[in-house]
Amino acid sequence: MSAAGLLAPAPAQAGAPPAPEYYPEEDEELESAEDDERSCRGRESDEDTEDASETDLAKHDEEDYVEMKEQMYQDKLASLKRQLQQLQEGTLQEYQKRMKKLDQQYKERIRNAELFLQLETEQVERNYIKEKKAAVKEFEDKKVELKENLIAELEEKKKMIENEKLTMELTGDSMEVKPIMTRKLRRRPNDPVPIPDKRRKPAPAQLNYLLTDEQIMEDLRTLNKLKSPKRPASPSSPEHLPATPAESPAQRFEARIEDGKLYYDKRWYHKSQAIYLESKDNQKLSCVISSVGANEIWVRKTSDSTKMRIYLGQLQRGLFVIRRRSAA
């Protein structure tokens, strides 16, 4: 069929409804709509393909990420194992660096400790030398002082002994007691056995350690005057005048010790008795008899509680005079 025949309208049949009219514009619109529909279906198909591709790509990326993470873990684990092996072998760089730093600190502390030890040792040695010198100096000073004190003490004792010896030589003749001449008769058969005479021997001259040098020299001068020949004196001279008992050097007192008591100047004195002690220089001391010995007594001053030793010879010669006093 030709195009004209296709385009020409068919003859209308009798009794049939009229055929619709054909317009070319409508065909074009229909074709355009079909094209648009086909284009839309094509786009939808492309979008579905793209979505499927994106899903596959996401799955592939996730697998790659997991694989990469596992690989990183394995690499890090291998690195740590390698570092641990190097640390055990001592070849790890970080370990060597820190060990070097610790070694430097150790050497520095050792050096400081040695310097401190040296400094302290020098200080101790200096103190030792100083203390040793001070001890030696103190020892020498004490030795010299002790020697001087002993020499002075011995010289003093020597001087006192010489003075006492001189005093005994000068007063020896006056202190000697002449023995009583007695005749021993033959005892008759009926006579009783004679009882021996229990007379107490006179006290010998005692060394005096309580007098000063001035008192000793004064006693020596007095004794020398007594031993020198006396010249006749006129009644008006001072020597002819009667001397008082305290001033007369030739006056002697009766003094003895019996049964732990002192008999002096017709009075008895015992231990712990309060007395006055008068010396030749008119010094009067308040004392208490501390003890009574065989040939001497000890008295204690009430002022300073110092003790003095008084011999019987001194009391007999009048160098010291004892007076009673009230105990209150």
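Our numbering is plain: 1 for the first residue shown, then up by one each step along the chain.
Positions of Cβ are set from backbone N, Cα and C atoms, glycine also.
According to Swiss-Prot, the protein has these features:
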| type | residues | note |
| --- | --- | --- |
| COILED | 66-171 | coiled coil |
| COMPBIAS | 1-16 | compositional bias 'Low complexity' |
| CROSSLNK | K69 | SUMO2 cross-link |
| CROSSLNK | K178 | SUMO2 cross-link |
| CROSSLNK | K201 | SUMO2 cross-link |
| MOD_RES | S2 | N-acetylserine |
| REGION | 1-65 | region 'Disordered' |
| REGION | 2-170 | region 'Mediates interaction with USP17L2' |
| REGION | 188-226 | region 'Sin3 interaction domain (SID)' |
| REGION | 226-252 | region 'Disordered' |
Statement: Within 10 A of the CB of K69 (SUMO2 cross-link), the number of other CB atoms across every chain shown is 10
Field: Per-region confidence, the coiled coil (66-171) (mean pLDDT, whole number)
entry: 91
